[in-house]
Amino acid sequence: MPALQFVLPSLLLLLTLGGIGAVRPRSPRTALIVYGGTAACCAVLVLAALVHLLGQGGVWRMPVPVGLPWLRSELVLDALSAVFLLMVNLAGVTASLFGWGYGRAQAGSGHGLEPGRVLPAFPLFLAGMNLVLLASDAFLFLVGWEFMSLTSWLLVLANHREAGNREAGRIYLIMASFGTMVLLLCFGVLAGSAGGYGFDDIRAAPHDPLAAGLAVMLVVLGAGSKAGLAPLHVWLPLAHPAAPSHVSALMSGVMTKVALYALVRVLFDLAGTPDWWWGGVLLALGSATAVLGILYALMQDEMKRLLAYSTVENIGVISVGLGLALVFKADGQQGVAAIAFSAALLHALNHSLYKTLLFYGAGAVLTATGQGGLNRLGGLIHRLPRTAPLVLVGAAAISALPPLNGFASEWLLFQAVLSGPQLGLWEMKVATMVVGVALALAAALTAACFLRFYGIVFLGRPRSPAAAQAREVGPAMLLAMLLPAALCLLVGVLPGSVLALFGDAAAGMVGTPMDSRAGTLAWMWLAPAAPGDGFGGNSYSGLFVLGLTAALTVLLRLLIVRTSDAAVRRGEPWGCGHPDVGPVAQYSGDSFSQPLRRVFAAGVFAARERVDMPEPGEMRPARLEIRSSDPAWTWLIDPLCRAVGWLADKVNGMQFLTIRHYLTLMFGALVFLLTVVAVVK
Amino acid sequence: MSGQVSEAALAVLFQCVQMLVVLALAPLLTGVVRGIKARLQGRRGPPVLQPYRALLRLTRKEAVVAENASWLFRATPYIVFTMLWLAAGLVPTFTTALALAPVADLIALVALLTTARFFTGLAAMDIGTAFGGLGASREAMISALAEPAMLAVIFTLAILLQTTSLAAIVDGTLGQGVGLRVSLALGLISLIMVAIAEAGRIPVDNPATHLELTMVHEAMVLEYSGRHLALMEAAGMLRLLLFMALILCVFVPWGIAQPGDGPTAWAIGLGSFLGKLLAAAVALALFETTVAKMRVFRVGEFLGGALLLGLLAAIFLFVSTAL
């Protein structure tokens, strides 16, 4: 398979491009070389992943000449890696394209994107993510992981002059180091006393339940914090929006998926036979994450923060899918586990498509207006006639509207939830129902959230001069949005073909690929075959829904044209007869979410409104104050960050010791370690 | 083989008939409900065929569109109507032998309704007046609770009958008989509450008012006129019919013809559907004349109750099967 021979050169080229980016970053030629080269490398890796998924499967190995003397490092591409490789690099191609256009537009408009801080780190970021997916031992994996974390940290700090971004960078660094440390411990536990850090050794070694359980807790903590599982999600909405839009798209759309890959790799592959409570943990965390994430997204008044919180929700949904797969696998029902696992993978792919699209859309709006706040936008459907329909596709897809892709994965996930009653444990039977209702609630709130997002940003009348004077973005950015939008439709209409790609990964992780009743017509239908006595006869076809709605609309249109006169008269908006007071009378983001805030957010988020209305005759303006707080921030992250800051202050003193003190410290450390070794031996 | 072919041809035929039946009956249902309500309130009321005339008159009128309306505003009536027409065509009314039954199950049906609602909300916000935003915002709050409640009921049905396909649910209920169950009763109450909210009926929303304090759905379609308004109104009528047909086919499916049945069964199916629909219309009119519209923020509690009932229905099912 020749395409696979290009995997290692592509990785090396990505590393080289990082170096090129550092040389004269302000020159447009450098930007073209870096983004063009990155897009080419990612395209090659997409091809390699597709070749692997469409081919006979199996495992592709290539030794690399780095690593520890006693650990032969290899790049290994199996079906699971290939699925995630596809997601990461598809987004990599569009992000490079968007980044190139974005950099040029930002340089022209003077919104202050510093190419010197973006160009070197961007290819390295992608290289790090790819390395994580291809690593075959704990060391290479963690090297890739740190590469990914540190380069994305640099990218978060690309606009470091804003104080908010510096704070975001600090918290991101703390959370990233925390995550890596926990993962290090996790692999340590998995490797055991034999110290085999290669994934093959870990797979082969027997794991006692205690060690496996500990490793599971650690990986949920480490990878979960990177992915954004509640309550460790708080850094996402700070860090993701701080970076330039194409990097936000990658961080939110695919870096979280790389974290999920780590979760899948350890839970389904490395840690041995699963216990049912592993899945239970994921189900509980996932459903809480989904509902809390989307509720908080509903209350955001900044585009990219809103999108970042919506990523938290999607990660919750995917985790629920993985949790269901684990529970069913532990219960010995591999058929249903394959449905849940495929649904999780499909949702991950879908999220990577529509979330990058939406972040590019936000980037386009930022380029066109310089405004990121919902309440200063509006009416952009007229000013950005090409961006607006593309973002609408993204908003509809994430709201799980048929026939787009979001609905296909959600439908499949519900089918897995509905098989819950076949589980052996009655606690899990009830739990799957509760999880199902939580998923349904999250889905409904998502539709409300993106109705608000699209309605406030693109519809209505402009709320600021900047929005009124917006100009459409360039062709590179539009093409970068068109690609994921087209894929959203394609995956939604033909989910069967995409699921066929995931068959080997599901077989590798849960024991069997997803079975379809639809046989040779599987590409048209979503019809999971029910194993045993269970669920049957359910099917859905995005292709038919698309065809039918198109046909009916045409029919309707013909009928209407026949009976009515086609003229349309333009007039003043009627507004129920009230005189128009201008764009300020429109609903803003805050007023839109007010009913939802009252119903849902008063409890958990302590959302409060205070209205300061002047008495008649007073001339001061009225004020509305809305406050809410994320409990995870108050109780967990803030104390943690303050503790780290305090410790750093204390340790800072060690920079200024005399040579005598340093020698004493080293001596002390040596004695301490020798004592430890002596005691352990 | 030829038996299969003729069965498939029949299913396609029934599907077309079904699409036409729902289209033809929807305005009549609205007219009947209005007529009965007028009688109950001591008025004579308009003739039951008035909705047809109103729709026809609207399609002939000139459409006035606000100056800053975008293409989305003009496309929405077509999208919304198509979605509701397709959804209503999927609910078995007189037979379960429908060609489109495998294309979309109950979950997809809910998603089609969500799509219609999503676009209605977008169109409402497109003009940029206060009313549109008001309607969209309230509708978002209502649907955020109504949709999961409906899915919870669907879960209960799905677990009981081992399928989410509507045709299979009806066939299952008719074939094996599920008997009287506590879960089903809870599910029925929950679904009725959801239907009231989703179809925009009293006490959640009042379809006959233009009072800014109370309106939800009307506030969203306020700016429409002419043929666009006709489509939105017709979509609203289809929505009412859809929810009634859904409750009837799931909870009182008796009389619905099944694949393989002869012409007598089809006639019985159609007749029983009309009869059940009339009974449902009377019940709705009675209910609407006896209750008062509730405050918008009470709707949250109302639908929160529906959601809990739906969840309880599912959990009761486990308890009852475990005993």
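Glycine is treated like the rest: Cβ placed from N, Cα and C.
Taken from TrEMBL, the feature transmembrane segment applies to A:32-54, A:122-145, A:171-190, A:210-235, A:247-264, A:276-299, A:306-328, A:357-378, A:390-414, A:434-455, A:476-502, A:540-560 (among others). Look at TrEMBL and you will find A:135-429 tagged as domain 'NADH:quinone oxidoreductase/Mrp antiporter transmembrane'.
By the Cβ criterion (under 8 Å, sequence separation of 6 or more), the transmembrane segment (A:434-455) is in contact with the transmembrane segment (A:306-328), since 3+ such pairs are found.
Only pairs six or more apart in sequence are counted, and the transmembrane segment (A:476-502) with the transmembrane segment (A:357-378) gives three or more Cβ pairs under 8 Å, enough to call it a contact. Per-stretch counts of Cβ pairs under 8 Å to the transmembrane segment (A:247-264) identify A:210-235 as the leading one among A:210-235, A:276-299, A:306-328, A:390-414, A:540-560.
Against the transmembrane segment (A:390-414), the recorded stretches A:32-54, A:210-235, A:276-299, A:306-328 differ in Cβ pairs under 8 Å, and the greatest number is found for A:306-328.
Within its own chain, the transmembrane segment (A:276-299) is flanked in space by residues 213, 216-217, 220, 224, 228-230, 233, 237, 267, 306-307, 309-331, 425, 428, 431-432, 434-435, 438-439, 441-442, 445-446, 448-449, 452, 593, 596-597, 600-601, 604-605, 607, 628, 630, which lie at least six positions past its ends and keep a Cβ under 8 Å from the stretch. Long-range Cβ contacts of the transmembrane segment (A:306-328) within its own chain (Cβ-Cβ under 8 Å, at least 6 residues beyond either end) map to 224, 227-230, 233, 236-237, 240-241, 248, 252-253, 256, 260, 263-264, 267-268, 274, 276, 278-283, 285-294, 296-297, 300, 334, 336-338, 340-341, 343-344, 347-348, 351, 355, 358-359, 362, 374, 398, 410, 413, 416-417, 419-420, 423, 428, 432, 435, 439, 442, 446, 449-450, 453, 509-510.
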